[in-house]
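> Reproduced below are the annotations present in TrEMBL:
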type    : residues                       : note
DOMAIN  : 19-219                         : domain 'Thymidylate kinase-like'
BINDING : 21, 22, 23, 24, 25, 26, 27, 28 : ATP binding site
Ligand code: Z5A
C-alpha cells in the first residue's frame with residue numbers, strides 16, 4: 001500500500017465528506033470549489049490530495065442508470081419505500097465500485113448527497129419509518145459512514161428559486177423531487193437540521209445564503225476545524 005497520511009475514520013486511509021441540503025442549496029458549486037482547494041493543498045498549507053468528486057443517486061455507470069429512472073418519476077407510483085430501495089441499490093454499486101476503492105487508496109471523496117438524503121426525502125418528507133431506513137443504511141453503508149457531512153442550509157423558497165432559475169437557463173423542467181410542493185421542501189430543511197442536531201460530531205451546518213465565496217470560506221473553515229489533517233494551518237487563515 002502507498003504511504004498515505006490517514007485522514008478519516010480509523011483504518012481508512014482516505015476521507016469521506018458528504019454534502020447535503022435542499023434543492024439549489026449550492027452543493028455542486030461548493031463541491032467543485034472544495035475539490036480545487038484540497039487539490040491545491042489548502043492554499044499550499046497541507047499535502048495536496050487526490051480528490052474524487054461524485055454524486056448520488058449515481059456516481060457509477062449502473063447507479064447512473066437507476067438515477068435516470070428515479071428522477072424521471074417512473075418509480076413514484078410505487079411509493080417512497082420502493083424509491084428508497086432503488087436509491088439503496090444505486091448506493092450499493094456506487095460504494096463498491098467507486099467510494100470504497102477511492103478511500104482505500106487514500107483519496108478524499110466528496111459526494112453530492114448520500115444516505116442523509118434518503119432519511120430526509122424518503123423518511124421525513126416521504127413517510128418511510130426511520131427504523132426501516134436505519135436498517136437499510138446498516139446493511140448498505142455498513143462502516144463506510146461519512147467522516148464529515150456538510151449540511152448547506154437555506155430557506156426552501158430561496159433554494160427552489162435558484163434551482164428554477166438554473167433549470168430555465170438550461171431549458172429544462174423540474175425533476176421528480178423539484179416538482180414537489182413547498183411544504184415538502186420545508187420538511188426537508190427541518191429534517192436535515194434535525195440530523196445535524198442528532199449527530200453533531202459528524203455534521204456541520206453551513207449557512208448557504210451568502211455569496212458563493214462566503215459559503216466556500218465557511219466550508220473551508222469547517223473542514224479545517226473537523227479534519228485538520230486536510231488543511232493544516234488553514235483554520236488560522238479562515
Ligand atoms: N434523492 C433522494 O430522494 N434520496 C436519496 O437517497 C438521494 C437523492 C441520494 C437528486 O437531484 C435528487 O434525488 C434530489 C434528492 C433525491 N432531489 N432533487 N431534485 P439532483 O442531483 O439533480 O439535484 P440536487 O442534489 O437537489 O441539487 P441541485 O438542485 O442540483 O442543487 P445544488 O447542487 O445544491 O446547487 P447548485 O447546482 O450548485 O446551485 C443551484 C443554482 O444556484 C445554480 O444556478 C448556481 O449557480 C446558483 N448558486 C449556487 N450557489 C449560490 C449562492 N451562494 N448564491 C446564489 N446563487 C447560487
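Using N, Cα and C of the backbone, Cβ positions are placed for all residues, glycine too.
Can you tell me where each of these features sits in this structure?
Under the three-state DSSP scheme, residue 28 (ATP binding site) falls in the helix class.
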> Given the binding-site residues 21, 26, and counting only Cβ atoms in the protein chains shown, which has the most within 10 Å of its Cβ?
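Sorting the candidates by Cβ neighbours within 10 Å, the top entry is 21.
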> Determine which residues of the same chain, besides 21, 22, 23, 24, 25, 26, 27, 28, have their CB within 8 A of the center of the CB atoms at the recorded ATP site, and list them by sequence.
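Other same-chain residues with Cβ inside the cutoff are 152, 154, 159, 162, 163, 208.
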> Are there any residues in the same chain, six or more apart in sequence, whose C-beta is under 8 angstroms from the C-beta of residue 28 (ATP binding site), and if so which?
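The answer is 55, 112.
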> Tell me the Cβ contacts of residue 27 (ATP binding site) under 8 Å, same chain only and six or more apart in sequence, or just say none.
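In sequence order, 19, 20, 21, 112, 113, 152 meet the Cβ cut-off.
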